[in-house]
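Peer 1: I have a structure here, written as structure tokens, and I will follow up with some questions on it.
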Amino acid sequence: MLARKSIIPEEYVLARIAAENLRKPRIRDRPRKARFIAKNGACNLAHKNIREQGRFLQDIFTTLVDLKWRHTLVIFTMSFLCSWLLFAMMWWLVAFAHGDMDPSTESATNSTKWTPCVTCVRSFTSAFLFSIEVQVTIGFGGRMMTEECPLAITVLILQNIVGLIINAVMLGCIFMKTAQAHRRAETLIFSRQAVIAVRNGKLCFMFRVGDLRKSMIISASVRIQVVRKTTTPEGEVIPIHQVDIPVDNPIESNNIFLVAPLIICHVIDKRSPLYDISAADLALQDLELIVILEGVVETTGITTQARTSYVAEEILWGHRFVPIVTEEEGVYAVDYSKFGNTVKVAAPRCSARELDEKPSILIQTLQKSELSHQNSLRKRNSMRRNNSIRRSNSMRRTNSSLIVPKVQFITPEGSQSASET
């Protein structure tokens, strides 16, 4: 059968489709740039084509500490086994060279005419067991060394030294792996988002940092760096250009007392890379702000470092962090459920440069926010009045409906009595 022709002409359908495509603008998402520092502080960097691999063996202790736990345990297990087997072979050779392996010497030993180097070492298995006893200082009383062979004394001293070195390296690596600096940084938290708002008449970039432990970070300091791709006037492209930006801190040493969550503030002035960026330009900027918190752990004395970063999508313009520290019964309480909560406040949408050139912009913004606040209060008051009037009217209606009418009772004598119930 032939297909039925459409009732609507084909030219009209094509025109309608074209009109719909014109009405709906096509928005192409900007390719997301890879972060240099992840939110958890890990560096998003891959090292490739390293030819000089021998440099890692020159610093063997750091290499062992940087390895994963399973690799470290396998290396130490193989180190102990290899050392036991090596010295077991040496003990066996000493016994074989002295003639302790000869079966005819067993009867001579019992008659006290023959003294072996190590008693009860008759095979490689017994030599391996004696090697383990010497290195881990466990003696079962069956095998012991005599003063017959000076070479055996030398092997004993050498094995003790090697065993102490292996134990020292193993204990050092385990201690460093369990007490690494980034372990303490897990309890140093940053707000998921940063804000830009007006503080003391200046546009400021702010974020919140806190410590979950009661043990403090001594001499804690905060640094902020801006990482962006730049091109020099000579045409050189710098993919990771780092620029330090100052932190507003009244203390000259730039140290903070991190006993409670603090809001770190950076004033956007002429020295700041954010000086020419407005609220509309922020979403188009390809930059990343890296925050570094350094300090000494009070309990261990190890220097720790916590890192995070904020990209343009994670910076809220015209917001402020809500207070989370309150005084309850003489104790300052911190509500970490509101750690990253923000509220919207009045802030000019222009850049800091424009705000410095035209200070009236800030005054106009504050006046508009005050008017809007007053209007919102008026609306709330009017709504409350209307609600109260409606409630009073509804109460009157319900009360009027509850009034019971008068009922007349007729007695058998024919007299009428009116009563109210």
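Just so it is clear, glycine is given a Cβ too, placed from its N, Cα and C backbone atoms.
As listed in TrEMBL for this protein:
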TRANSMEM  73-94  transmembrane segment
TRANSMEM  151-175  transmembrane segment
DOMAIN    188-358  domain 'Inward rectifier potassium channel C-terminal'
REGION    372-397  region 'Disordered'
COMPBIAS  384-397  compositional bias 'Low complexity'
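Show me how these features fit into the shown structure, please.
Peer 2: Sequence-distant contacts of the transmembrane segment (73-94) (same chain, six or more residues past either end, CB-CB distance under 8 Å): 64, 67, 117-118, 121, 124, 127-128, 130-132, 134-135, 149, 151-152, 155, 158-159, 162-163, 166, 170, 173.
Remote same-chain residues near the transmembrane segment (151-175) are listed as 61, 64-65, 72, 76, 79-80, 83, 87, 90-91, 94, 97, 117-118, 131, 134-136, 145 (criterion: CB distance under 8 Å, separation of at least six residues from the stretch ends).
Beyond its flanks by at least six residues, the compositional bias 'Low complexity' (384-397) meets no residue of its own chain at a Cβ-Cβ distance under 8 Å.
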Peer 1: Suppose you look only at the domain 'Inward rectifier potassium channel C-terminal' (188-358); what would the mean pLDDT be?
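Peer 2: A mean pLDDT of 86 is what the model gives the domain 'Inward rectifier potassium channel C-terminal' (188-358).
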